[in-house]
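Taken verbatim from TrEMBL:
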| type | residues | note |
| --- | --- | --- |
| ACT_SITE | B:Ser162 | active site, nucleophile |
| ACT_SITE | B:Asp329 | active site |
| ACT_SITE | B:His362 | active site |
| BINDING | B:Arg232, B:Asp363 | substrate binding site |
| DOMAIN | B:56-365 | domain 'AB hydrolase-1' |
| SITE | B:Arg331 | site 'Important for acyl-CoA specificity' |
Number of protein chains: 2
Amino acid sequence: MTTTVSDSVGSVGSVGIVSPQTARFEEPLTLACGRELAPYELVYETYGELNAARSNAVLICHALSGHHHAAGYHSDQDRKPGWWDEYIGPGKPIDTARFFVVSLNNLGGCHGSTGPTSINPGTGKPWGPDFPPLRARDWVHSQARLADRLGIDAWAAVIGGSLGGMQAMRWALEYPERVKHCVVIASAMKLSAQNIAFNEIARHAIQSDPDFAGGRYLEHNSLPAQGLGLARMVGHITYLSDDAMAAKFGRDLRSGTLERGGEDDVEFQVQSYLRYQGSQFSGSFDANTYILMTRALDYFDLAREYGDDPVAAFRHAQCRFLVISFSTDWRFSPVRSREIVDALIAAGRPVTYAEIEANEGHDAFLMPIPRYRDLFAAYMQRVGSD
Amino acid sequence: MTTTVSDSVGSVGSVGIVSPQTARFEEPLTLACGRELAPYELVYETYGELNAARSNAVLICHALSGHHHAAGYHSDQDRKPGWWDEYIGPGKPIDTARFFVVSLNNLGGCHGSTGPTSINPGTGKPWGPDFPPLRARDWVHSQARLADRLGIDAWAAVIGGSLGGMQAMRWALEYPERVKHCVVIASAMKLSAQNIAFNEIARHAIQSDPDFAGGRYLEHNSLPAQGLGLARMVGHITYLSDDAMAAKFGRDLRSGTLERGGEDDVEFQVQSYLRYQGSQFSGSFDANTYILMTRALDYFDLAREYGDDPVAAFRHAQCRFLVISFSTDWRFSPVRSREIVDALIAAGRPVTYAEIEANEGHDAFLMPIPRYRDLFAAYMQRVGSD
């Protein structure tokens, strides 16, 4: 009798069913803004086993709208795996047969870690807009405490894409002795004015939605669904390349004819897709978290406290680096990655750089792209062997 | 006694004080959507004098948010001249000492021509969202009637940038015998999916503003100022290059420090600038017109009724072409202009093409850029001499 291995829950390459855990911290965390946060909770998942030497731990840092659920399924009924399941699992680039993978929801998030939707112990109401502003370094410090809790002195690798890549770089500077490898994918040392402008539009869309109620929508039993949906639509366009959108939608109409226009106000396929994406997102993500996360992105500036000199900044790092960019990513373009690489080389840090030809724009970092996957896997083979 | 020539109203190079005129048309115009419009009015300005042979008339077609006031001043108190004053006037590329320049507000506009803010004779209320949808060809047909009214059998040149360039190309196909030269600046034969997506976000922002009231805001004495402001902010980013934004704003803060964040919710200079642009625009432009104009952009497809073959389309043209693009224009990139040029060459039409190095993105077509101005002027010298 043979068993069919299906490509679903528990199949080859999947970490299978996973359960989130929660770590509670009573000791106050002093934030970059000067305020203290206590107590707070971090929700996280782990995949694979920590070895006896505690030397095989890998930290995944998530991007703007990410969370702790990076791989596997939460139940048999789950239709979709975690957001980076293409890259985390047995035999995958972040091989759970070799690594103990830790993936958490960042502080300020809306998927279980303490954030704007949590109760402010000072008022008994949701934090909402009063949640303290966060910087990438705050996440790094809170992640270090989680590492302490898990008995991890040093990460074999800290890995992140986009905003996650910024955290990975910050790790290498804040805790040089605790990071062996730093993997920075589709990221930048700081945002461009254009990037900030797109984030500003997203925030403005949310804040000008009357249902935002100055950020106190939970107290008013409302949700700024239109504003958050719009914010997501703006983000979504900028994560895709023009070519990828052309390939996906072209100029296809949903209904009607090009001569006369559609029957209703949604005419092109791309419009219908964007509205769907926007409305899905606004039902599953917190608006104050979105504002907080985009502000952390805008304010991130790797070299600021190093005299605005990235070379001086990276001289503090002790790890090896893998930097990856994607040819059609115009939100975090290859130019930004090359700036990182140039600074690392000038600082004498070992760095591997790959610019991957990919049609998918910024979203490529989540996609199954053979050359990217092979290169990522080959690099990760080295991690833990050196 | 000497007189100082000031660089203001009436100075060298300016057409001086101009007054808009209105042409009223009683005969119904059959639109691409199948509906008829009657009566309707077009507001326009003219600069320079029509010669005896009536052979020196030039038509200016405006872009998304443009209007008839392209050059000169409406009064001594005017602080700003018309939108294309850099290029229209005595001694300028569109030299009013040689040409009779006609510039109108398109049908469906909100600056005096019949549009959504006009009274619908069938109801006695503003047209609002019931104004018929328009295509570029409708504008061309209405412009042809204005030409008839002014006694212009053929234009020495039809000139436009962006959406205006689309009208100029449509002129060359709809009325081949009435166009001698066609000048197409920073335009395209059709929008990409990404362009349509940005327009969709703009429309969605307007339509989801509660003050939009289904488009009947004038009847409700409201204005969808937030939505229209957001729409403009999105547009504005896409008209500027990343480099231009970096040069203009960098990552400069308006107040506060990068460590701690701003005092209020407007932190970076670019945010403050975008909000100002958005709020200025929403006080001076009609939301239904914006929706109507962006739809005309989205639906424009030069070659659709020519079997989707631009070469077949351009075989109908009889004029000479000047096509100009700008290196950092990512909304209407040089690639789109080269597609026009390739089709024109394949169709055997005479074409001059220039790709101008300019840092200003799509907005470059409005800017005083020496190489662009010189080239444009040199081409216009030929117009009327052949």
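Note that Cβ sites are derived from N, Cα and C of the backbone, with glycine treated the same way.
Curation plays no part in TrEMBL annotations; they are all automatic predictions.
Feature map: annotations from TrEMBL on the structure.
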residue	record	contacts (Cβ under 8 Å, 6+ apart)
B:Ser162	active site, nucleophile	B:Ala63, B:Leu64, B:Ile185, B:Ala186, B:Ser187, B:Phe332, B:His362, B:Phe365
B:Arg232	substrate binding site	B:Ser65, B:Ala202, B:Gln277, B:Gly278, B:Phe281, B:Ser282, B:Phe285
B:Asp329	active site	B:Ala186, B:Ser241, B:Ala358, B:Gly361, B:His362, B:Ala364
B:Arg331	site 'Important for acyl-CoA specificity'	B:Asn195, B:Phe198, B:Thr238, B:Tyr239, B:Gly361, B:His362
B:Asp363	substrate binding site	B:Tyr239, B:Leu240, B:Ala244
Cβ neighbours of B:His362 (active site) where a neighbour is any other Cβ within 10 Å: 24
Rounded mean pLDDT for the residues that make up the domain 'AB hydrolase-1' (B:56-365): 93
